[in-house]
Amino acid sequence: MPKREDLKSVLVIGSGPIVIGQAAEFDYSGTQALRVLKEEGLRVILVNSNPATIMTDPEFADATYVEPITPEVVEKIIAKERPDALLPTLGGQTALNTAIALDKNGVLAKYNVELIGANIAAIELGEDREKFKGVVERCGAESARSHIVHAMDEALVAAADLGYPLVVRPSFTMGGLGSGLAYNEKDLHRIAGAGLQYSPTSEVLLEESILGWKEYELEMMRDKNDNVVVVCSIENFDPVGVHTGDSITVAPAMTLTDREYQNLRDISIAVIREVGVDTGGCNIQFAIEPDTGRVVVIEMNPRVSRSSALASKATGFAIAKIATKLSLGYTLDEIPNDITQKTPASFEPTLDYVVVKVPRFAFEKFPAADPTLTTTMKSVGEAMAIGRNFTEALQKALRSLEQKGSQLDFGSVNALDVPELIEAAKRPTTDRLGQVQRALAGGASVEDLYAATGIDPWFLEQLQLLNEVAVELKQAPQLHESLLRKAKRHGFSDEQIAGLTNNAEAVVRGVRQALGIRPVYKTVDTCAAEFAAYTPYHYSSYDQEDEIALHEKPSVIILGSGPNRIGQGIEFDYSCVHASMALRKAGYETVMVNCNPETVSTDYDVSTRLYFEPLTLEDVLEVIAAEERTGGVMGVFVQLGGQTPLKLAQDLADAGVPILGTPPEAIDLAEHRGQFARVLDIAGLIAPKNGAAVSFEDAKRVADEIGYPVLVRPSYVLGGRGMEIVYDEPNLLRYITNATEITPDHPVLIDRFLEDAIEIDVDALYDGKELYLGGVMEHIEEAGIHSGDSACVLPPITLGQGVVDRVRDATQAIAEGVGVRGLINIQFALASDVLYVLEANPRASRTVPFVSKATGVQLAKAAALIGTGVTINQLRTAYKMIPSLPGTPGGFDGGSLPVGAPVAVKEAVLPFSRFRTPEGAVVDSLLGPEMRSTGEVMGIDKHFDTAFAKSQAAANNALPTEGKVFVSVANRDKRAVIMAVKLLADLGFEIVSTGGTADVLRRNGIQSSTVRKVAEGTSAEGEGTITDLIIAGEIDMVFNTPSGGEARGDGYEIRAAAISIGIPCITTVAEFNVAVLAIEAMRSFEWNVTSLQEHAEALLEAAANV
């Protein structure tokens, strides 16, 4: 059936901010979908609150709404745009839940909007656990025995029937939020209690434990003519009990017999038919009991998911793109496969390689969190690698993580340590893979480890094989060709071989190259080379035949940012993709090197060629060598992907590779304290007093000179890793004692901490002569909170033009002094009207996408062209990429936005609800100099107060417009909050506070009821404490600033209670003052929805009328 002609416009719902469990894979699938819809000639309307996505670029939709994804806001967009259809299957759980709400409350019917890509009945059958159980039974398969409960007393009755341990799963949450394993009644109270709150339907499923069974998933697609394809089978390395997003996964499944696989296939096809998914994809998860072979269907997702992004990258089969075409009425046999151009989408992909995905965690950011892996997803990113066998793919994936200790350690193991390693491996943690491999190296048997961990013996034998190769390397008198080739085929890096043979890495590389042992590059082509592939999507292997074609023009290589992590996320991928788009448009051949399966950059048609490879020096040099021998290399971009490629800059330059854009010397100069201080001196700028120390004596001397409080941190970090504000000498001693690896090359840096300063963030472009100021952002929280976690506003709302002009001059001087060609990000602090320079980063920063969306100027594209020699003047005139000069008609830049320009607020999204201490409490939500957010949202409006209110709603932290507010602040903050609290009381809010704060408020004529502190406990009359009130749902917002020492305990309990039930919890005075303004605005004005395209027109109009 050809496509439907009755649909003229479609509204697509995105997935909002990046949170654990719902990450960049939805930007990847959404971007593909928008392209298809545009190609098919539809008017496309998008709503997505995340500015760091490619899909919110104005060119991908006709109307792009960066607005909170809530049913109320989406209804406003529907009323304004009147779309014919709504496509909700590309925005994860957020989009599905919103679509279900709009259907239930009659909005879709009222405006005559049809749901495409999924029907509500199919979603409910797939997502509602009770209904899905019925589906599985009707298909002749079985589910785990279970009970659905809606209250705690029902849960206790169910537990008596099922027996402990049992699995708790709330309905309609994603990434396993609120789920867990209850081993006893106490656990059940804790986990099911939270689960009932997290589930939008207050419904929780309790099921028998299938812990230790083998877990598999199948990724499926079905069209309305009942054609079904299995895109890919995926096997989890860890048995059931670890969320699939936190497990190492392998495609295709390795340990199924053909009969077992056909059985899973038959069940899947029956289930997808019974559920009625007929225009798209879904994934179905299974558990198999290893001893009996009993198969249980765990669950299905009737939408594009994290697994489908992985399956797409693993097979080259564009699931999101094909699902979108199906939703428009096409069938699988009518859709051509882009890669082969000969086969239709109804051909199932065939793999002649192995794919391994390994998760990346961020437990170092939450030292209090319990690192045990459970059914609640905790990983923040993932790396994927492709090899000709499992061992090669596994080792490549582990080195792609770029984490200390992520690679296998082949050092010798004492036999006495083996029992301890086996015991430790029983509990799934991030270290389990290493523990298992080392236990095997120490002589443990495969049987023992299988009994302890439930990891399939086939995987254990593969680890044993790696240990054997390592032993051979250790014992070899010299490196001979057959041994070296064998090691490379099992994925050993030059660095690992050097360690095992007591050589330098450069020596191993020299010997290997002299022996002619180089990798060849194979192609991911969906058909195991049965047909020719037209899209070069490559992976390396130490095999025989090379499959790279010759190219005519020298290539421009862009190094991506590797796996997502806190501090380096999708924002850097955005800059890489923009660079590739701009350079291709300008006629260059672009080559992307990256190993993150979730991102747009690793889509097979974003660049001219894609290499799915780890971002290590060895792997990158081999890609460059391959490009050199097939047509030459013009140069490499290292400043777009964050810290990952920057670290390689100097080594690449030393190897003779041309670096485009800012040279490595300039990158080093900005990172090096002494040299950078000279740049500031010449420019007449000042930094906060600072020093460096390699011992406690040094540190004490520096801190005494500067004066406390001081900010201490290691050199060369991204995301503020290991930073702390230290208020006194005992704490300085503690920091230095705990700081690892202080060396003369890597000293600890100590800065004066500026209290009560306004922090300012600048993104700019510099071409060697001229500066274009991209944006000047003012932070809402005071200095001392990491810029990645602080809310900020553009244009700045309290800085006068005089300050902005000083910022512009300082930026020009620094860019010139450092020698930047392209993007630079500088952080300033304004204290007592003195402008301090905090740091300069000569690279694409985390705020580039936000600034680009807020001002309509795409900075990363411009920076890529500057890297190839284009000037800012040419970008203005010939390329029309940046506006004309400020002061000329229609001219402006990020430091001179006209009055009437829209105001944009960026807010961070924090993952505290995911991380629990071993006792089950939430980790503390206090912000500090170490970055902890996983993603961001943007609120944009004509007025600052409304823009701030939108940003809070988008960050799932909507401000209340009535009710009770709890206020408890440290003594130093009491004066600063009186006016704002009075305004809340005047607006009709009821103020609740503890002793000291209540007295101050009453003396200022503010009515406030007093409540008991946590430490006071429940009174004899049964009056509860503040945390009891919060947990009972009686408080609508918490405002609590920490005061040192003892009250930290009290404050922590209060903040943890607020986070655990999901009410706004504000911890800084600055943010509270702004929140009160926003609440007042929400009560007085109806907010409007405006598309980025309309904001851009308003901005140009305002500039023309200056």
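The backbone N, Cα and C atoms fix where each Cβ goes, and this holds for glycine too.
Annotation source Swiss-Prot lists region 'Carboxyphosphate synthetic domain' at 1-402.
Residues or ranges marked as Mn(2+) 1 binding site by Swiss-Prot on the basis of sequence analysis: Gln285, Glu299. For Gln285 (Mn(2+) 1 binding site), the same-chain residues 6+ apart in sequence whose C-beta sits under 8 angstroms from its C-beta are Glu215, Tyr216, Glu217, Thr244, Val297, Ile298, Glu299, Met300. According to DSSP, Gln285 (Mn(2+) 1 binding site) is assigned to a strand segment.
As annotated by Swiss-Prot, region 'Oligomerization domain' applies to 403-546.
The region 'Carbamoyl phosphate synthetic domain' feature in Swiss-Prot is assigned to 547-956.
Sequence-distant contacts of Gln827 (Mn(2+) 3 binding site), defined as residues of its own chain at least six apart whose C-beta falls under 8 angstroms from its C-beta, comprise Glu759, Ile760, Asp761, Val762, Ser787, Val837, Leu838, Glu839, Ala840. Look at Swiss-Prot and you will find Gln827, Glu839 tagged as Mn(2+) 3 binding site.
Using a 10 Å radius centred on the Cβ of Asn841 (Mg(2+) 4 binding site) and all shown protein chains, the other Cβ atoms total 23. Taken from Swiss-Prot, the feature Mg(2+) 4 binding site applies to Glu839, Asn841, supported by sequence analysis.
If you average pLDDT over the region 'Allosteric domain' (957-1106) in this model, you get 86. If you look up Swiss-Prot, you'll see 957-1106 marked as region 'Allosteric domain'.
Among the features that Swiss-Prot reports, domain 'MGS-like' is placed at 957-1106, with the record citing sequence analysis.
In terms of local Cβ density within 10 Å, Glu299 ranks first among the binding-site residues Glu299, Glu839. Mapped onto DSSP classes, the domain 'MGS-like' (957-1106) shows 78 helix, 19 strand, 53 coil. Under the DSSP three-state reduction, Glu299 (Mn(2+) 1 binding site) is assigned to strand.
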